[in-house]
Amino acid sequence: MKITVIGTGYVGLVSGVCFAELGNEVVCVDKIKAKIDSLNRGEVPIYEPGIEELIEKNTKEGRLSFSDNLTEPVENSEIIIIAVGTPPLPNGEADLQYVDQVARDIALAMNGYKIVMTKSTVPVGTNERIKGIISELTAHPFDVVSVPEFLREGSAIKDTLNPDRIIIGSDSPKAQEQITRLHQPLTDNIIITDIRSAEMIKYASNAFLATKISFINEIANICEKVGADVTKVAVGMGYDKRIGSSFLQAGIGYGGSCFPKDTGALIQIAGNVNYEFKLLKAVVDVNTDQRFNVIAKLKESLGDLKDRTIGIWGLAFKPNTDDIRDAPAIDIVEALVAAGARIRVYDPIAMPNFKRVVQHASIEWCDEPYEVATGCDAVCLLTEWDEFKNVDLIQAEALMKQPILIDGRNVFSKEQIEKTNFSYYSVGRPSMTRHYREPVNN
Ligand code: UDX
């Protein structure tokens, strides 16, 4: 099939590359010319394992190309995918200006029947709004289909090529049939719904996953007080098929481009129809508080943080991505700056992005985890990169002023810590503390 994908962000680029890999002819369009120029040079604007190789292969084999103008690609395509951003407005609501503009541009470029497939995460009712915008500007026939995207950053290609399910929200049997055919090579698990339900499935799924994370984080906080171990509790809960074992990892809370944005948007969607989504509001509050548990643990172990030197291992909101959008590390580093601490940080790939958002004279940017540890009163692990899991703790400890480790992701085992002199604080597991505290030394 001939496909145009509009928007070369995470969703657009990954979808375009994967549809090309399945044998379709795909043009990825973005209005930012510099982005298209660099893609044409083989430079990929996002960090995603496996994507570069697939782009190279599919462009070479003539199935994938890039353009900064949608007119010709739309004319030549049967299916047009909208994958532009829907960033949050100050009140949490999704900003639909890019979606609306693309709908207008598609309408003006149409030259016959088209299927407009929305992959951007959009509030319930948006596909009908797209339909309205297009039909005002063209007499050509078209259908609008909602196919929400569930890919995760860091495993986006794998998730797209092996989805748990494909949701197709459509009111047109003709479009349903075509879009089903497009996705058939990926899975048999194709679920057809009405358009509004498809839109809601995306928000409800992300809200539920966020709820699981905040739930286990609160259980973790209680475990700390009653002397239980949340990792064991999660394993025990996870064997119940009704609960499932995934998304029960306690830590410093969720970040990223989806959960914070989509939970906020769903609260707003509910609010717009006079429904207060109390549970989801609590999920968001718990997530915000959870980040600051790291600061509380630092204070518990060091007292006042003024002039203390604190190391940070990991800035990205999760491993295998350079994305720092809504990363817990932003709030944590800013709280440390405000408390007057000196901060030494390192992340394998997210440091350039982080520097663009947080800059302060008290932050020292390091090249590797041991350099971070040097002279520190405490080190906090915020992202569970393999590089940190493989740190030689005895070597790190020897470089520190005093051995205090705050493990925000429960990466290290009791046995690993017992071989060291670390005072060790993790999330929802018993702390392993040694009580001597070095004085502040300027
Ligand atoms: C998420 C959804 O998983 C995906 O389906 C949707 O399309 C986009 O949003 P993503 O944001 O890429 O994907 O990352 P994900 O792996 O889901 O992790 C989100 C956040 O939750 C991370 O900050 C992660 O550290 C945190 N998390 C995840 C936990 O704290 N505990 C868990 O058990 C799982």
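Using N, Cα and C of the backbone, Cβ positions are placed for all residues, glycine too.
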Which one, Lys297, Lys299, Lys306, Lys318, is listed by TrEMBL in the same substrate site as Phe150, Leu151, Arg152, Glu153, Lys202, Phe247, Leu248, Gln249, Ala250, Gly251, Gly255? Lys318
Starting from the NAD(+) binding annotation in TrEMBL that includes Asp30, Lys35, Thr86, Glu153, Lys261, Arg325, which of Thr118, Thr121, Thr180, Thr231 is the extra site residue? Thr121
Restricting the binding-site residues Thr121, Ala250, Gly255 to those with Cβ under 6 angstroms from ligand 1 leaves Gly255
Quick note, Lys202 (substrate binding site): same-chain residues at least 6 apart with CB under 8 Å of its CB -> Thr121, Pro148, Glu149, Phe150, Ile167, Asp262
For the binding-site residues listed here (Lys35, Arg152, Lys261, Arg325), which one has the lowest count of neighbouring CB atoms within 10 Å of its own CB? Arg152
Over all shown protein chains, what is the count of other CB atoms within 10 A of the CB belonging to Glu153 (NAD(+) binding site)? 23
Cβ neighbours of Phe150 (substrate binding site) where a neighbour is any other Cβ within 10 Å: 17
CA-CA within 10 A of Gly255 (substrate binding site), subset of binding-site residues Asp30, Lys35, Thr86, Glu153, Arg325 in residue order, equals Arg325
